[in-house]
Amino acid sequence: MIMNKMKNFKRRFSLSVPRTETIEESLAEFTEQFNQLHNRRNENLQLGPLGRDPPQECSTFSPTDSGEEPGQLSPGVQFQRRQNQRRFSMEDVSKRLSLPMDIRLPQEFLQKLQMESPDLPKPLSRMSRRASLSDIGFGKLETYVKLDKLGEGTYATVFKGRSKLTENLVALKEIRLEHEEGAPCTAIREVSLLKNLKHANIVTLHDLIHTDRSLTLVFEYLDSDLKQYLDHCGNLMSMHNVKIFMFQLLRGLAYCHHRKILHRDLKPQNLLINERGELKLADFGLARAKSVPTKTYSNEVVTLWYRPPDVLLGSTEYSTPIDMWGVGCIHYEMATGRPLFPGSTVKEELHLIFRLLGTPTEETWPGVTAFSEFRTYSFPCYLPQPLINHAPRLDTDGIHLLSSLLLYESKSRMSAEAALSHSYFRSLGERVHQLEDTASIFSLKEIQLQKDPGYRGLAFQQPGRGKNRRQSIF
């Protein structure tokens, strides 16, 4: 009966008559019918919603009539009571009537019906969510199959693995737990930061497995890293590819810096690359959230070759510019095929920097003489050399970008966000600046890698050949 009335009502809606009168009259009639049915159902008449007979086990009765306590009601009775208490929203009624999206029930009818939106289902608690994921297989070591050993360090071993859930390859970073010390602080940092970073140019943390003996981080698997890529192409990259990798590096770093996160350990070994050419920041073990009150950090960060001079001289107060110096060093290395400042000690590293960029003075670097290490070493007075003489394959824009990153005064270094808008990347087009955070640069058909001049026949080193990759992941 109710379905017939609904059809009649919908048919009246479709008539070509003045809209306001038709809506109000039809709704008035429907409202009255709806209220009657709703009241009759609440009076325990055996009539289900929209004219359907209710299931026998769901018949309604008072708890006191059955002699049961309210807390002892059967599931069927509890279900029916919940149904009696339900209120319908405007959206519910509109869906039942299949009204067009541009038609809304007038407010006065909603008030008359006292229709309130039903409570939305509450989100799962953290404990419930963990239990649900555990049922699927997440958080369990047996979900993953270890394949090849990729590397081993003081605290961790990295394996190539496979997920039984998805059949996808993964990287398993197994961190050994010492009962006296617990999980290393680097592992805690890496987990706490990566679980909140969702970007196409940042490695994805898929799962976390905690046992008595180990903490295993499950990452997406990428075939190679930038160091291995350079080795395989004979340290002679296409300048177009240099630009694409550089843009991806800056894109991922800008995302981190916008969230006040410093990577602090940028180097080619920590920039992973898959077969598609997607570059992703990895190894956040030394990363730091800068939102903490203090500005003092350890200066024992960043591999020596990519460490900025202010940190080499002992500065512990730094911000996002610490990463930008490393970006400049990596840019140079991709363009030339050799590291920019390959020093073996802090003093030698500073000597190489000063010999290329000129020995700093109070005029070129205010406050440099305040560093005791600078006064102690007594460096010769070098004059700056033109960068184009050392990186001749870079064009004018590339040299300008490089020089904007390799500045002594940290606050003067170009930021990652500003670097993305540099004219050096103009040839990539405008659409690369409009991508969503999780969208790959290669989702644009105009972005493709070119064959490198030093190409050796395979894009990446095959598993099992040469040294294990990602030695720097520790």
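Placement of Cβ uses the backbone N, Cα and C atoms for every residue, glycine included.
Copied over from Swiss-Prot:
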type     : residues                                                                       : note
MOD_RES  : SER14                                                                          : phosphoserine
REGION   : 44-93                                                                          : region 'Disordered'
MOD_RES  : SER74                                                                          : phosphoserine
MOD_RES  : SER89                                                                          : phosphoserine
MOD_RES  : SER98                                                                          : phosphoserine
MOD_RES  : SER117                                                                         : phosphoserine
MOD_RES  : SER132                                                                         : phosphoserine
DOMAIN   : 144-425                                                                        : domain 'Protein kinase'
BINDING  : LEU150, GLY151, GLU152, GLY153, THR154, TYR155, ALA156, THR157, VAL158, LYS173 : ATP binding site
ACT_SITE : ASP265                                                                         : active site, proton acceptor
MOD_RES  : SER440                                                                         : phosphoserine
MOD_RES  : SER443                                                                         : phosphoserine
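Between ALA156 (ATP binding site) and the residue listed as 'active site, proton acceptor', the C-alpha separation comes to 17 Å. The distance from the Cα of ASP265 (active site, proton acceptor) to the Cα of LEU150 (ATP binding site) comes to 20 Å. By the criterion of other Cβ atoms within 10 Å of the residue's own Cβ, the least surrounded of the recorded positions GLU152, ASP265 is GLU152. Using a 10 Å Cβ-Cβ cutoff, VAL158 (ATP binding site) registers 24 neighbours.
On the 0 to 100 pLDDT scale, the domain 'Protein kinase' (144-425) averages 89 in the predicted structure. Mapped onto three states, the DSSP output places LEU150 (ATP binding site) in strand.
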